[in-house]
Amino acid sequence: MAPLRRSSTLRLTGLLCLSFLVFFSRGFASHDVVSEKSSGTIQEDSHSQANSTAHKKTFPVLSFNYEHVRTPFEISLWILLALFMKLGFHIIPTVSHIVPESCLLIFVGLLVGGIIKATGEQPPVLDSNLFFLYLLPPIILDAGYFLPMRSFTENIGTILMFAVVGTLWNVFFIGGMMYAVCQIDAAELAHVDLLSCLLFGSIISAVDPVSVLAVFEEIHINELLHILVFGESLLNDAVTVVLYHLFKEFAHEQTITVTGAILGVISFFVVSLGGVMVGVIYGIVGAFTSRFTSYSRVIEPLFVFLYSYMAYLSAEIFHLSGIMSLIACGVIMRPYVEANISHKSYTTVKYFLKMWSSVSDTLIFIFLGVSTVAGPHTWNWIFVIFTVIFCLVSRVLGVIGLTAFINKFRIVKLTKKDQFIIAYGGLRGAIAFSLGFLLDNDEIKNLFLTAIITVIFFTVFVQGMTIRPLVELLAVKKKKESKESINEEIHTQFLDHLLTGIEDICGHYGHHHWKDKLNRFNKTYVKRWLIAGERSTEPQLISFYNKMELKQAMMMVESGSAAKLPTIVSTVSIRNVPTKGAPKPSRAISKSREEEIRRLLRANLQKTRQRLRSYSRYELLNDPLEDNISEARFRKQREMERRMSHYLTVPANRQETPPVRKVFFQPEHKVYTYDDSESPRGRASPSCADDVSELKETPEKPDQSSTPRANRDAELKPKEQDDQGDQLKVSRCLSDPGPNPEDDEDSTFLP
Amino acid sequence: MGASQTRLEHNYDDLTEKSGFSHEQIKNLYQRFQQLSGNNEKISRDDLERIPALNNNPIRKQIITAFFDKRNQHQNDVGSLDEIGFEQFLMVMSHFRPVNSKATEEEKATVRKQKLRFLFNMHDTDNDGIITLDEYRTVVEELLSQSGAIETEVARAIADAAMLEVASTNVPHMAPDDFYEGITFEHFEQILKGIEMESRMHIRFLDKNAATMRCGKLSS
């Protein structure tokens, strides 16, 4: 009962908030008209009294000046509205199961637009400038930065075919057919000439990344299909840009010249390759910069964002493809930046990107709805209906035709089901609308805009809503939940090398051969320049392993602080895995040592917790742990226990004490490996300087720290031969940090 | 070349049936075989080791050994050969054929098992049916061998962690006194079921004439 009541009150609150927001913005919109008038009169008064002495105005204790903050205030209101909507949909789960979020948002936009219009004001339209410069880049950057490179490069041929050839086919088919339709007398569309139709075709054909992302995200389809449709939506930007400008020019001139056409083709290559190059340049510069950002960790995320944004803007200056530039920048920058920046910066980058793209995405759909209500419409039944029909038909034909061709070259062929999903997933969205909005103002523009909006609505509503049940119906493969497993990582790498080797034996230079060459080039030359310190030579397997260890340690910390240390349930230990020649009697000894170790660990963890409580009162720094505590409550305990226990009992070798303590006490630089150094702001500056200088030495002196640690830990572990070796390794791998861990433990944290 | 080629043509159908390659593909592979063997009937380990492109491959020893491993010949034999003929070469290569997309689920499962078996054999060097910790450690060490001076402890740790993962996924409730002997084939299948072997483990075999292919710099 309680949840039901809660959800209904929430719904009420949500509605109230919504109405408040709308009326506020409306109220202020009309108020400023009033305030303008009143400020006008005040000025007049002051003028007339210019020569008189005192104004006789009482000092205003409380005054009202809305003009001053109007723009940022309204922007914030809109964003708040968007956020409340997003929140609302997740709190009320029933609707969002059936209707994808994008549809609901458009609907809200329609509502808001309707309300604004009903009160006589002109609702704001999705300004193209606003869209292309502010709303679109975060979404694209988010997509590009987290693009799964492996599947992208494996399918790049297919993606390019769909993006380039598919879009071209769509443009000419739709343009041509619409022109044919316009010739029908009944439609009264004779004034729409061929070039305008082609222009219209170029606007409406491109699959939109925003819509695709919004819808596909919710259906969790398998990676191949996702990357195919999504990759296509990203890469067709170049085609769209070129064709749009080309036809606009031609429509202006009213002639098509052969040179014009040839220039168009050349322009396509310039636009796409130029865009990519701009992105690559910015990406490399960004990666290089991140090599030095260890001196000021706080601003690291900003570098990532700004370099990417600059890449986008720079490409837009030259009318190159901004989207491709942004993607290229993110893709190039990512591996090097991630190796260089601290873990916290990485988390920040990730969360900010997700946050911005989420807000952008919501705002775009709401504005689409509002603009629909706002814009002047010219509704022509025949034009609109035929547009929708031809969009669908051309998409289906295009996909089928292209797949038949592509399947000859693909090893993993695209099945009919795949083709259907690809065709059905060709959603149009806000890019088409904004491009249409940029057209010159004339009657044709309104006609086009209406048709564009109808197509967008159709694709988003109808296709967006029905794609989920269709996916279920057709039993399309879903995305598999990937649990990071070190075995899979080992074997993925093993497979890569194996397949490269077999290709070499076969003598032909295939996909794997070139990938291997690229990797080696990357390792020997590029990484040296772009990654700071020791990390440049770290093989991928080891960094993967370290990342996993890190996560284990963090999860352990959280579980340790939230709940009491769970008793070790599964005692799968390394002793259980016999090494050849290990003497069996040692088993008995190690068992008792293990118990001892566990007791010691438990005691230490308790001590740590006690210290932690007193610590957190003086410093603000341990906020992350407080967050973790509440987060940990939501996690599945059993999985943690399992993982923890099996790592805990890689016995003796894993001295949990050092890493755990490190996590608690020096969260900033001890947890994460290598040269991570956040000078915690709470500390007094001398110690900051110390930290920074200590940590600068870190990359050079890992061995020195491991030895004292090994010696200290030696007392606590059983004296097996293997373990000694593993011990050194542990201290190195787990939290390769330290300068002199002993000193740190003695020093207190009180400033 | 002429005489051997006609002899081969008689066997094409036979070979196609056994290995699943098309005639064109077999022709191309035969050309390559001739190149590697210096026009002899058989290839020895040295012939394969002389391929320059393999020098950068960290696991080249294992790959070369796999070719001479009798277990990969689909014939329930064990041990290793010193030299292999074309048919055996082809049999090993057939493990890397892509699976037919029109195949049924069972066929795909069989192919998958075959490929996993190949991998398993590569790791299980003493052929006792399980991958012990030492063998796994060797695998990881070899993988990391080309990356510069990596201490063996690091490789060991990774192998140990991986082993533990297998153990805990497959045998979650072991008593403290139990030994986890090693990774059996079933466990191996289990831990690698995330990777779709049938679609990952393959290379593209050329159907067209490979006369213009750039080959390894072997002088025949």
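Note that Cβ sites are derived from N, Cα and C of the backbone, with glycine treated the same way.
TrEMBL: automatically predicted annotations, no manual curation.
The signal peptide feature in TrEMBL is assigned to A:1-29. Marked as transmembrane segment by TrEMBL: A:102-119, A:131-147, A:159-181, A:193-215, A:227-247, A:259-285, A:317-337, A:358-375, A:381-407, A:419-439, A:451-471. Look at TrEMBL and you will find A:566-665 tagged as domain 'Sodium/hydrogen exchanger regulatory region'. Residues annotated as region 'Disordered' in TrEMBL: A:673-751. The annotation compositional bias 'Basic and acidic residues' is assigned in TrEMBL to A:693-703, A:710-722. What TrEMBL lists as compositional bias 'Acidic residues' is A:741-751.
Scored on C-beta pairs under 8 angstroms, the neighbour of the transmembrane segment (A:131-147) with the top count among A:102-119, A:227-247, A:317-337, A:358-375, A:419-439 is A:317-337. Taking residue pairs at least 6 apart in sequence, the transmembrane segment (A:451-471) and the transmembrane segment (A:381-407) share three or more C-beta contacts under 8 angstroms. Here the transmembrane segment (A:317-337) does not lie next to the transmembrane segment (A:159-181) in space: the count of CB pairs under 8 Å, restricted to residues six or more apart, is fewer than 3. Pairs of Cβ atoms less than 8 Å apart link the transmembrane segment (A:227-247) most often to A:419-439, out of A:102-119, A:358-375, A:419-439, A:451-471. Only pairs six or more apart in sequence are counted, and the transmembrane segment (A:419-439) with the transmembrane segment (A:193-215) gives three or more Cβ pairs under 8 Å, enough to call it a contact. Count of Cβ pairs under 8 Å against the transmembrane segment (A:451-471): among A:159-181, A:193-215, A:259-285, A:358-375, the largest is for A:193-215. Taking Cβ pairs closer than 8 Å, the transmembrane segment (A:358-375) reaches residues 78-79, 81-83, 85-86, 101-102, 105-114, 116-117, 122-126, 131, 134-136, 138-139, 210, 213-214, 429-430, 433, 446, 449, 453, 456-457 in its own chain, all 6 or more past its ends. Residues 152, 187, 189, 192-194, 197-202, 204-207, 227-228, 231-232, 234-236, 238-240, 243, 382-383, 386-387, 390-391, 394-395, 397-399, 401-402, 405-406, 422 of the same chain lie 6+ residues outside the transmembrane segment (A:159-181) yet bring a C-beta within less than 8 angstroms of a C-beta in it.
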